Amino acid sequence: MSNSYVLVINSGSSSLKFAIIDSVSGDAIVSGLGECFGLPEATISWKFNGEKTQEAIEAQGNHHQHAIKRLVTLIESLGFTNDIVAVGHRVVHGGEKFTSTVKIDNQVLTEIERLSDLAPLHNPAGAKGIEAAIEAFPNLPQFAVFDTAFHQTMPTKAFTAGIDKDLYTEYGIRRYGFHGTSHFYVSRQAAKILDIPVEKSGFITVHLGNGASVCAVQNGKSKDTSMGFTPLAGLMMGTRSGDIDPGILEFLMKKGWSQDQVFDMLNKKSGFLGVSHITSDARGILEAMEQGHEDAKLAFEVFTYRVAKYIASYLIPLTSLDAIVFTGGIGENSNIIREEILNNLSLLGFVVDSEGNDKARFGNEGIIARSELLGAVAMVVPTNEELVIARECVERL
Ligand code: AMP
């Protein structure tokens, strides 16, 4: 019997991540990355059987297409051609149109392109990857899995912005939320680990990576989330500001900043990088803090304080709480950041279990704190967005 492998593709504007996932075991058989697209030094690299290979990509033309063509020959040379049953694409924005995974046809592709209006940095790249993959794998069904879809269950009061309602009807301005695949996965895993039915569970899922967001998940459904109309909203992140007073934008523009300068600052020069002036990387912040760097310490404090404030406010959409669930590169690995966040939540009764917190790192799940007051725990669940994408595809074959 052949295997049930899914080729998972995540196309960015200058990169393309890919993985061949065994949808049964969840193992990544091959994982790789095409990067520096649009530049002469564009490369593609992959890991198979623990061995890493890197190659240059043809300098001219469409790099998404070149990378995906190389994937076809790679898959052939590894002997997996007959094992791959579908291609799953991560697509950032599904607007209000896509509330779950869909099989891609011309109409779906046109709609994803149309939604570029809402996600100009992401959806055009997603569409490029899909077009190239359809050309390269014409006989395989292809599916789009949207980052926004899981949050389409948010009630109107949670997604409505406190501005002129015509801006919603005219332009679709509202909270959409992102990281949906991750919040979906860790809420299901947390219910499994705690041995409670997901349809009777309450979680605050906290995805802390380069991008970061919090989600209130009641009975398996997203009720509110901290990213908004764009992924810029909510928590402070690696280079993104998260929420700021919109009055700051007007102030800076009146000082002569252009629109591009303001948004470049908010998206690429803020967060850990902006506050510390050293790095956008949490590990770098922790190292600098250990060496006594004052602004690294400030970045750590602003970040952890903000996350804790969000967690506390995400009790509001819930009717019960079983666990606060940490995930993402920072959430899965940094016992120090998690401890500081939980210390900020001591009024909610959370007491950190130091041993549990130290153990739940580098891919290990586990309980890291308990609150007698709320009858809830804090835990770590490593996320696996590729596996969700693979399973979503296989379920729809
Ligand atoms: P992600 O975007 O989910 O890949 O997460 C990337 C973030 O996770 C970066 O800020 C990394 O510095 C952070 N990270 C990864 N490993 C660790 C670690 N051991 N301790 C602290 N932060 C980490």
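For all residues, glycine too, the Cβ spot is worked out from N, Cα and C.
For Glu385 (Mg(2+) binding site), other Cβ atoms within 10 Å of its Cβ number 20. Reduced to three states, the DSSP call for Glu385 (Mg(2+) binding site) is helix. Among the features that TrEMBL reports, Mg(2+) binding site is placed at Asn10, Glu385.
All protein chains shown were included, and the count of other CB atoms within 10 Å of the CB of Lys17 (ATP binding site) stands at 17. Sequence annotations record features per position, and here TrEMBL assigns ATP binding site to Lys17, His207, Leu208, Gly209, Asn210, Gly211, Asp281, Ala282, Arg283, Gly329, Ile330, Gly331, Glu332, Asn333.
In this structure, Arg90 (substrate binding site) is part of a beta strand by DSSP. Around Arg90 (substrate binding site), the same-chain residues six or more apart in sequence whose CB sits under 8 Å from its CB are Val8, Ile9, Asn10, Ser11, Gly126, Val145, Asp147, Thr181, Glu385, Ile389, listed in sequence order. Residues or ranges marked as substrate binding site by TrEMBL: Arg90.
The DSSP secondary structure for Asp147 (active site, proton donor/acceptor) is coil. The feature active site, proton donor/acceptor is assigned by TrEMBL to Asp147.
Here TrEMBL flags His179 (among others) as site 'Transition state stabilizer'. The DSSP secondary structure for His179 (site 'Transition state stabilizer') is coil. For His179 (site 'Transition state stabilizer'), the number of other Cβ atoms no farther than 10 Å from its own Cβ, over all displayed protein chains, is 28.
If you look up TrEMBL, you'll see Arg240 (among others) marked as site 'Transition state stabilizer'. Contacts of Arg240 (site 'Transition state stabilizer') defined by a Cβ separation under 8 A and a same-chain sequence distance of 6+ are given as Gly211, Pro231, Leu232, Leu266, Asn267, Ser270, Gly271, in order along the sequence.
A separation of roughly 10 Å, to the nearest angstrom, links the Cα atoms of His179 (site 'Transition state stabilizer') and Leu208 (ATP binding site). Taken in sequence order, the recorded positions Asp147, His179, Asn210, Arg240, Arg283, Ile330 that lie near ligand 1, meaning a CB under 6 Å from one of its atoms, are Asn210, Arg283, Ile330. The DSSP secondary structure for Arg283 (ATP binding site) is helix.
Largest Cα-to-Cα span within the ATP-binding set Lys17, His207, Leu208, Gly209, Asn210, Gly211, Asp281, Ala282, Arg283, Gly329, Ile330, Gly331, Glu332, Asn333: 23 Å.
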